[in-house]
Amino acid sequence: MDTPSKEDTQLFCKNPVHPDRRPSLKTDYSSSEEKQPCCGELKVFLSALSFIYFAKALAEGYLKSTITQIERRFDIPSSLVGVIDGSFEIGNLLVITFVSYFGAKLHRPKVIGAGCLIMGVGTLLIAMPQFFMERYRYERYSPFSNSTVSISPCLQKSNNELSVSIMEKSKSKINNGCVQTVAIIGPIFGFLLGSLCAKLYVDIGFVNLDNISITPKDPQWVGAWWLGYLIAGIVSLLAAMPFWYLPKSLPRPQSTDDSNSSSEKSKFIVGDHTEYQAPHGEKAKITEMARDFLPSLKSLFGNPVYFLYLCASTVQFNSLLGMVTYKPKYIEQQYGQSSSKANFVIGLINIPAVALGIFSGGIIMKKFRIGVHGAAKLYLGSSVFGYLLFLSLFALGCENSDVAGLTVSYQGNKLASYHERDLFSDCNSRCKCSETKWEPICGENGITYASPCLAGCQTSIRSGKAIVFYNCTCVGNITYKSGNLSGTVGRCQKDNGCPNMFLYFLVISVITSYTLSLGGIPGYIVLLRCIKPQLKSFALGIHTLAVRVLAGIPAPVYFGVLIDTSCLKWRFKRCGNRGFCRLYDSNAFRHIYLGLTMTLGTMSIFLSMAVLLTLKKNYALKHRNFRTKREKTMMSASIRKEVCSTSDHLLNFNYWPGKETQL
């Protein structure tokens, strides 16, 4: 639930209205004493509001960090995870109208507290499936044993062989000052919390961890995704508590009264909080508000600058939200990093760069006193340079991992396309292997195999949690040796240049995040200064609504749908439907993820150009009208002066026509 910081921080301050009381020296003397309790409660309110923003941002950031964990745990594709991510905004939309209208009429602190309470309960509910579902079951390489054992992964075919795919499907399952600053800090802790929980096994506390044979580096690993939601939910519940003890309003000392305060601000400022009644003329009726709604909406959308900025920011938020949602997944699949490390670098590097960019944009606007035209130029310039830097990320990708039967043949040649039958070869023809099983092992030749069986491994030795497979015929086939080559559990690392590419990616990503966020405050200034003062609140509400409906909800969905098209190896559920993707085509993933982000960013740049051109056109038109009006004023003044001069001459008795000529 959203809690607007500007209006909320203003609700506590104004002089008490006492028409019967006369000013006295005692009142003036005690004004400094009255200021202390007001400021104290106001600080409590600001602190509590900042804590709520932190709790909300913490939950949002943590949700982004658990995308891949939720995919694996519930065996769902990226498109469905995008729907789950977008549902966070859907929940906000259900109550935003109610809060926007009734918030000013009710006890605001209690309304905020109730909203935070609902947010906390909802966050806790996200973690509930963990306590009602069966424990997570991954595909085991072999029965666990602490002793050294020898097994035979490659089973010989029998006369009564059943369809392997059918057997597999039947067995597998799976305040604006401090307030906004704290709102930026929240996602940092959200991603760092996601990094920590990703290192913990999903069923920690429910199973004996000594019996778990996989590690966080294993592609089947699922972290304790639910633990962070419990923490975020408890934080939200704690953040709601102070608001139940705050008064509806607070008095403000008479010495701090501002007679020039706006009418909108005076609505949130009340006097004696024990008993305040607004004048009858200030009570807006629902019918009057409904009558003014459509004209106000027409006035907003009839403003070309506001409408173009609304379109530009909505398209840009589509680009940014889609990119941020799947950035951890991109780092995992493109650079072979673990989920924990991906969340760690985003929370510790990228988000602070965004916060620094927003802060720098505000400093630049204030120090150089930039007007609306300069703000529009800065907003456009940050987008142009940011997306130009983003364009360089296309060259900073890693090639596909060499996976036999998926990206390379069993002879080591690159595959142009993938077919299920490519997983089988002469080297594993004697084995009874499943094409749906995913137990990747890394051969000594640097090639990853989908399973020990498909690698043709004959024996294995387990020592603790470490398993080494031997006599892998397919491993020896690629290196043209006589077999007896081994493989270890897990996928092979990417090529040697990939770690360096990842470092370059982080550097460019940080600079890009800073550059793009530099235009945040200037864009906000353009939005506020292009509309009438009485429509500012309404304009901000429409902007927030448009960004959530047209960007926050659909962007994660269609990003996920397009990303799913780059999948090479799906996991199939027991019912036969597709689950989550086990292996992506790195090149296709990179082109889809970066290309879609870049396309939307380019569209927003053109719309931002239209905003700047429209501002210049309006300025030129107003300047021309001003000059015309000034010329008309000067001309009328000159005419009046001549008329007055003639009248003076006519009233002068010493004057006769032709006097100047005769003289």
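A Cβ is built for glycine as well, from the same backbone N, Cα and C atoms used for every other residue.
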- Students should find that the transmembrane segment stretch in TrEMBL, chosen from 40-63, 592-615, is 592-615
- Of 177-202, 306-324, 501-526, whichever stretch has the most CB pairs under 8 A to the transmembrane segment (376-396): 501-526
- Query: Hey, does the transmembrane segment (501-526) touch the transmembrane segment (344-364), meaning at least 3 C-beta pairs closer than 8 angstroms, sequence gap 6 or more?
  - Reply: yes
- What residues in the same chain, six or more past the boundaries of the transmembrane segment (592-615), come closer than 8 Å to it by Cβ-Cβ distance? 304-305, 308-309, 311-313, 315-316, 318-320, 322-323, 326, 330, 372-373, 376-377, 379-380, 383-384, 386-387, 390-391, 393-394, 526, 530, 559, 562-563, 565-566
- Message: Need a quick answer: max count of Cβ pairs under 8 Å to the transmembrane segment (222-246), which of 80-99, 111-132, 177-202, 501-526 is it?
- Response: 111-132
- Spatial neighbours of the transmembrane segment (538-563) far in sequence, C-beta under 8 Å, 6+ residues away: 2, 77-83, 85-86, 88-90, 92-93, 96, 100, 296-297, 300, 306, 310, 313-315, 317-319, 321-322, 325-326, 329, 527-528, 531, 584, 589, 592-593, 596
- Message: I need to check the long-range neighbours of the transmembrane segment (80-99): which residues 6 or more away from its ends have a CB within less than 8 Å of a CB in the stretch?
- Response: 1-2, 60, 63-64, 67, 70-71, 111, 115, 122, 325, 544-545, 548-549, 552-561
- Message: How about long-range neighbours of the transmembrane segment (501-526): same chain, 6 or more residues beyond its ends, C-beta under 8 Å?
- Response: 305, 309, 313, 320, 331, 335, 337, 345, 349-351, 353-358, 360-362, 364-365, 370, 372, 374-376, 378-383, 385-387, 389-390, 392-393, 396-398, 611, 615
- Summarise the domain 'Kazal-like' (421-476) by DSSP state, stating how many residues are helix, strand and coil. 10 helix, 16 strand, 30 coil
- For the domain 'Kazal-like' (421-476), provide the mean pLDDT of the predicted model. 85
